[in-house]
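Participant: One structure is given below, represented as structure tokens, and several questions about it will come after.
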Amino acid sequence: MKTYQKALEQIGKIRHSGKILSKTMKMLKAAALPGVSLLELDRLAYKLIKEAGAKPAFLGYRPYGAKMAYPATICASVNNVIVHGVPSKYFLEDGDILKIDLGVNWRGGISDSAVTVPIGRISTKEEELIKATEMALFEGIKAACAGNTLGDIGNAIEKTINKKGFSIVDGLTGHGVGNELHEDPVVYNTGKPKMGMVLEAGMILALEPMTSLGTSSIVQLADDSYATADGSISAHFEHTILIREGEAEILTE
Ligand code: MG
Ligand code: MG
């Protein structure tokens, strides 16, 4: 049987990478204000990661089938854009919903995390979507202990979002992470309890609910980013976690 468990030394590297990531993310969240451009945030992320002696994991990353290598340190996805937004000269405006996604590579240990940041004042509905999506991530993490299954994680995420009447977007998933940015297994944001692969202590996964206020359908834009098909607002949260007996360890918190 194939196992995804990682060696202790590698887990240590990924843990350190996650610490650099969470510190960087904290600074990015604080810097994301009306009038700041996505490129400025990208430059700040690059600088902080370099200063910490690590490398941006997204920069130059080229998944199988992609037209080009990824040109930036962060993904910056605004409003209807869900993920993979390429940082541009766009200046953030009051009322925007910004998703920052970031990967860090420290000596071959890779971590991946994302947050949704409200810029200035946003609507109550949008606030609820953001809150529910973050809650869904933590419900997924609660379900992610050794002996449970990938279906338990997906089910916990799905239930949390459905209860609030929001949508989980189609076709985008979490994944294994650590040695590469994207590894097996695929971690769906939907699922049935007790179904799918059994989780083992030592596995490292990126859980990442991606949601919308409207449709679950997505479209791919010219810069390869994914957006909601009906233009509705989306949210995204992600953590890299280590599966253990009992509660998982969040490596990017
Ligand atoms: Mg990510
Ligand atoms: Mg990811």
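Each Cβ is built from the backbone N, Cα and C atoms, and glycine gets one as well.
Below, the features straight out of TrEMBL:
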- His84, His182: substrate binding site (BINDING)
- Asp101, Asp112, Glu238: divalent metal cation 1 binding site (BINDING)
- Asp112, His175, Glu208, Glu238: divalent metal cation 2 binding site (BINDING)
- 13-245: domain 'Peptidase M24' (DOMAIN)
Participant: Work through the binding-site residues one by one (Asp101, Asp112, Glu208) and point out the residue whose CB has the fewest other CB atoms within 10 angstroms.
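Facilitator: The binding-site residues Asp101, Asp112, Glu208 were compared, and Asp101 has the fewest Cβ atoms within 10 Å.
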Participant: When you rank His84, Asp101, His182, Glu238 by Cα distance to His175 (divalent metal cation 2 binding site), which of the binding-site residues ends up on top as the closest?
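Facilitator: Its closest listed neighbour, by Cα, is His182.
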Participant: Looking at the binding-site residues Asp101, Asp112, Glu208, Glu238, which has the shortest Cα distance to His182 (substrate binding site)?
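Facilitator: Comparing Cα positions, the closest of these binding-site residues turns out to be Asp112.
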Participant: If I take every residue in the domain 'Peptidase M24' (13-245) and average their pLDDT values, what number comes out?
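Facilitator: For the domain 'Peptidase M24' (13-245), the model's average pLDDT rounds to 97.
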Participant: Quick test of your reading of the structure: among the binding-site residues His84, Asp101, His175, Glu238, whose CB sits under 6 A from ligand 1?
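Facilitator: So the answer is Asp101, Glu238.
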Participant: Sorry to bug you, but what's the C-alpha spacing from His84 (substrate binding site) to Glu238 (divalent metal cation 1 binding site), rounded to the closest Å?
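Facilitator: Answer for this pair: 13 Å between alpha carbons.
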Participant: Near His84 (substrate binding site), which residues of its chain come within a Cβ-Cβ distance under 8 Å, counting only those 6 or more away in sequence?
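Facilitator: Spatial neighbours, sequence-distant, of His84 (substrate binding site): Cys75, Ser77, Asp101, Asp223, Asp224, Ser225, Tyr226.
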Participant: Near ligand 2, which of the binding-site residues show up if the criterion is a Cβ under 6 Å from one of its atoms? Options: His84, Asp101, Asp112, His182, Glu208.
Facilitator: Asp112, Glu208
